[in-house]
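> After the structure tokens below, expect a handful of questions from me.
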Amino acid sequence: MDKYYFIHSFNLTMKNNILPQIDKLLQIIQEKYLGKYIVLEGLDGSGKTTIKEWLESKLTNTFSVREPGSTDFGESIRNLLLNSEFKLQSLTELFLFMASRTELLHQKIIPALQEQKIVFSDRSYISSFAYQAHPAQIDLNYFKETVAQIYQQQKIDVIVYAKIPYELGLQRSAAIRSADNMEAKGKAFYQKIEEGYNLYLANFIQEAKQLETPEYLTAAELEAVQIYRKDDSYLVILDTQHNKETVAELFVKALASLNF
């Protein structure tokens, strides 16, 4: 799991004058997000897993998955890809990951949403575009058509993108965990991943409307958070270069500001 030195635990020491507001916003999130599907995305080292786990620790009736994985089939695929002696092509990795995600969606995610749980997913098919499809020069429109066949009517309600420069992500990752097959591909590969994320997000933004005055975010805070809405889905771009208290506070304020 992604544990990074900028946010090591859930014991955040926020200022006393902030805590009552955070508690209020957490209650809003608890009530508003039942039956909603929230995805955390970002480069390795972005801190996405840790902010997800922190929020989950503050809520009830949640259901958490990681992609790829979270099913017996998915974990087998994950282990194969992370520890394989084979040097697989990006296209091969893509379709293995998409097979894993298909099983996870139907075995775990949809049933949890039907039970009105707040579903958190550490990564999604967006990672498949950034990490496999884009490096393999697969067209975004073709990729989206493939995703549509898998997800059909099931949408992601909120995409939270933890944004950091890829250089910082590599620095954070190298500081705390050893490289595996997927993290030993060098700076050029990770630059390509960042490019893939930017392409996917730009496509979402092109079809979306930016929320310029979210209810719980100040004008100054909007320097670190951008929110976009497309139909009934949201994209939250969160700058995770800040200290842990600031990141957690912005995360909560952004989610509480969304309308469902």
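Cβ coordinates are placed from backbone N, Cα and C, and glycine is handled just like the others.
A quick note: this is a predicted structure, and the numbers were derived from the prediction, not measured.
Feature table excerpt (TrEMBL):
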DOMAIN    40-198  domain 'Thymidylate kinase-like'
BINDING   G42, L43, D44, G45, S46, G47, K48, T49  ATP binding site
> Within the domain 'Thymidylate kinase-like' (40-198), what mean pLDDT does the predicted structure show?
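PLDDT averaged over the stretch: 88.
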> Under DSSP, is K48 (ATP binding site) part of a helix or a strand, or is it coil?
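Looking at the DSSP assignment, K48 (ATP binding site) belongs to a helix.
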